[in-house]
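Engineer: The structure's right below; bear with me while I get my questions together.
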Amino acid sequence: MSNTNFSTSRSSKSIPELPNLEALRSLWPPPSLNESGDTRSVWTTHTGEPVASSVLSTSGSNNFSSPLKRPAPESHDAPIGRRLMVDDPRLIKHGKYDFSRHCTDYGHSYEWPYFRSLRRESMLYHTSGSYPESQPPYSSYSTDAPHYYHAGSESSAYYDSRSRLHGIQPPPKRRTLSPPPRRLADPVVVGSSRYVEEEVYRRPPYTLASEVPSSASAYQAGYSSYPVRSSPQLSHEDTRHGIASSGSTRYPFVPANTRASHSPSLLEPYAHSLPSSVAPVGAYPEKSSYLLSNSSNDSASRKEKPKARASTPPPLNFSRASEHRNEKGERISMINPRVVLDENGISHRSRYFIMLCDNETAIAHAKKTSIWAVKKDSSKRISDAYKKASVYFIFVAQQTYNALGYAQVVSDLNSTELPFWSDSSHAGGVRIKWIKTCNLFSAEISEIVSHMDHGSEARDGMEMMYDEGSRLCTLINYAIMKRIGRDR
């Protein structure tokens, strides 16, 4: 058996001949007689049988393997996809797998092998029911007595053997800095501070006042002590608040204790803020006199979680911007008084130009390639400004005044070729570095752009005042953070 020679009279090279099958077979030693019949190889045990029949036969899925490789393991010998093996899976098939520790946000839980599919877990551990389990099999603070079984019993293999289950579960890690969640009625522990913790994260809302107000709630957030009464003295109101009805020491149960959150605003929403900022002064007559007396105090109490949304900076009156002067009489910025401006309100360090875009293809191409075409009307001003200061372009949609982002100019004019969407009205291209990209509407951005040119609408490519440009960049940042929910 030799290879066919395809060489013609015009080709000087020919394909070398390959050795025949008999020569290849002689290079490999024949199988020994005591070798098991399960061994599959390219070289068949019967010499008269051609090799192609064993190679091309599709009777079994594991029928062919190279002589240089070990055959693939069978599924019953080594289960594929399970790196973590236990002694005998039959011993733990009745144990419930703790899915509350399986799918929680540990630092490592989203990496293999701790985040496996629920279907594979249910097939392996023979669990039934809903996922995750309604109650974990072992609570963190279990007070049940351990079970003891005699040596011949098989119950210990799947009832309360924690050491056997430790091999197949992620390690029990603390997920937060807050204390662990407690049950509804805490067990009474006399002479121990296990269930009573000092509140180190906050102070009571009346620490700055001279005395505790009479309207302060009896159930403040945390574990405030109260006089112990005997069980016949406990009223129905106390039982409704969750006070344990047995034992000498009792602790009030309030909703803040359920998940150990240190947020008093869940109980007293207006305890740390003046009612004038939330509601009219007369809305809370019993609290308004006390809370308004704190407004004269210089040191306000520490702001508590949950945080309110970050408020937008107060609007600026750009029509009176020229009135802001320093001691020398120089014009200064309304936003940053240390920035000295010229009489046109322009800084010599940072200069801002507005780009009104009416072409969606142009802005999409600019966001991908970071190349922008400058029109002939403003090309000289932008080129001169780039040589002296940092130049920023603020992109705004011409029709809707949506903010499209802002970028810094990082090259001079004509340093790059014009993009494909430019026309004869463009002088050249500049390379830009995007700082923020978005497509958001803000009423204040629209207001500034519509009154930028001395009370009239802005023109494409015009230079704006330092305060206007800095303010627009800040508003774009606020709009983006509010859109993605990061403004808290």
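Glycine residues also receive a Cβ, built from the backbone N, Cα and C atoms like all the rest.
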Engineer: Based on the annotations in Swiss-Prot, which residue of Ser66, Ser178 is described as phosphoserine?
Structural biologist: Ser178
Engineer: Write down the residue from Ser57, Ser75, Ser230, Ser383 that Swiss-Prot flags as phosphoserine.
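Structural biologist: With Swiss-Prot as the source, phosphoserine is noted for Ser230.
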Engineer: Pick from Ser142, Ser311, Ser319, Ser424: which one does Swiss-Prot list as phosphoserine?
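Structural biologist: Checking Swiss-Prot against Ser142, Ser311, Ser319, Ser424, the phosphoserine entry points to Ser311.
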Engineer: So what pLDDT does the domain 'YTH' (350-476) average out to?
Structural biologist: 93
